[in-house]
Each structure stands twice: as C-alpha cells, then as structure tokens.
Amino acid sequence: PFFVNRGGLPVDEPTWERMWRHVGRIHPEGERVAQRIRGAADLPKIPIPSVPVFQPSTPIPERLEAVQRYIRELQYNHTGTQFFEIKKSRPLTGLMDLAKEMTKEALPIKCLEAVILGIYLTNNMTTLDRFPISFKTHFSGNYFRHIVLGVNFGGRYGALGISRREELMYKAPVFRTLSELIFDFEEAYRRCWHTLKKVKLGHCVSHDPHSVEQIEWKHSILDLDKLSREDFRKELERHARDMRLKIGKGTGPPSPTKDRKKDVSSPQRGQASPHRRNSRGDRRPSGEKKPADSKAMPDLNGYQIRV
C-alpha cells in the first residue's frame, strides 16, 4: 500500500524508482508486485489527514497540538525507504516547497521530515520561536540519532516531532527553561535504556517561507562526556540567552527574494569547536560577541545528500 499515496494518486517517478530499488533487494519480483498494486482498481481508499487550519483567535498551544496531531496521523515511516530527500543545506524556501509536497502526498515520515513539516505548518505563528534540537544516544554498542523541532512560546519551551517512541516526540510548551526540556528528553531516553551522548542546538528559524537563508542546525554542540551536569545546564541556558539576544536585535536586513533560476547551497564548514560553533564556520568562545559579517552570501553548489 505504500506505493501509492493516501489519495490513490501515483507518487512521482523519482520516489517510485527509490521504492522499486528497495523492494527489488528484498523481493525477487519487486517491480512486478509494485506495478500490480499500482494498477489495482479495487484497493480501499485510505483517508488523507487534513492539514490543520486555524482561526485567528485560536491559542498557540492549541495550534501546536493540532500540528502535532497532523504529524502523528501521517504515521512513522517503518518501510526502510525514505520517501522525501532532505538536504539540510538547502535554503529555507526549498525546504518549504518540499514540506508542501509532503502534505500533498501524505506519506509516512521520519523525524527530520517531521521537523521540516513542523516549520512549514507553524510559519504563520509569528510569536512562536522554532529551533532544531538533535540528539545522539548510545545503546547496546550502537549510536542512534534523532531530531525534533524545539518551540518557545511566552517563555515556555516545548517540542514537535515524530518518533517510534511516544515520549521522544511531542512536548507541550510548559517547560520554564530550555534545560528543563532537554533534561526531560534525557530522562525519556533513559527509560528506553539509551544514554544521551550529544545535544546539538540550532538558532531560531525564519518565519518567511521565501527566505533563501539556511537553517542553522548546529549553533551549539554539547558533548555530555566532556561536560559536568552543571556545565551542561549552563551551556543550555547560554544557548537560550543567545537566541533571545538574536531575536531582540533582529535578524538584520530582509532576506533576499526567492530566485528560482539560481541554486543556493551551504558554504564549506570549518571544523566544529568542542562545544559551540557558528553555522558559517566562524568559531568563537562561549559568551564572546560575534563580529559583524559584511560578506555577501556566496554562490555555492553541490548539496550533501542525507540518507
């Protein structure tokens, strides 16, 4: 059933090709099976989740619950094939186009796709701050990675996302500090027998869906093996202060308008510092003010593909 979208419409050819390659590896007649399913006229129609629409008076917490409910209704992708190719170095406008495609196809998603979708569905909530939170954990000799969309409304922190585990996705915006939110995730991991190793925090994402800026995924990189508990908490609160200062000062001049004739990709990154780094490759110690950068955005090509 995952070879057609929830509306019974055919999936785009690149997605089909990826599905066939995957099925062909585990089934000797995978392509024939896919074609037979695709051409079947008697398959039951699967209901398509409705994209949430809000009244202007709807409170932000209720909107966040509705967005999370929609993400959950898409379901977690257990097929082993990633239906949407996410390039984290793409400009925000390109990622928002991809999110729009997700709502049309209504296919199951994974955690990174849920973050992009969460940004898309909360763009009109201008009083809500959104920022990515990545986790690296260790369990039974293996490392695992997960990402959610952190949110801050009225000074309270929460998260949107999707996971195999209920406790590793949605968090209502009720946490007084960023450290309380992260410690709650850490405790949830502990209940799953995972040990939290690293936390990567990005800066706030623009609400302009046509912005050609890139999402800052890794402004702060916190290694729990190198930080005491108190230092970990201080670094989390320092990142929260950095975000407040950036919002207070504004994000600078308006972002350039969208130009579909040009490709914009990420710049070359320098080596990450132990705890914190700027997404443009400029390293600075904690607490030091970043010098003004008057350089124009470079014209770059060649995205890295995340598998």
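Glycine is treated like the rest: Cβ placed from N, Cα and C.
Pulled from TrEMBL:
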ACT_SITE  C111  active site
ACT_SITE  H146  active site
ACT_SITE  S163  active site
REGION    241-307  region 'Disordered'
COMPBIAS  279-293  compositional bias 'Basic and acidic residues'
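Sorted by the number of other CB atoms within 10 A, the active-site residues C111, H146, S163 start with S163, the lowest. Looking at H146 (active site) and S163 (active site), their Cα atoms lie 8 Å from each other. Calculated from their C-alpha atoms, the gap between S163 (active site) and C111 (active site) amounts to 6 Å.
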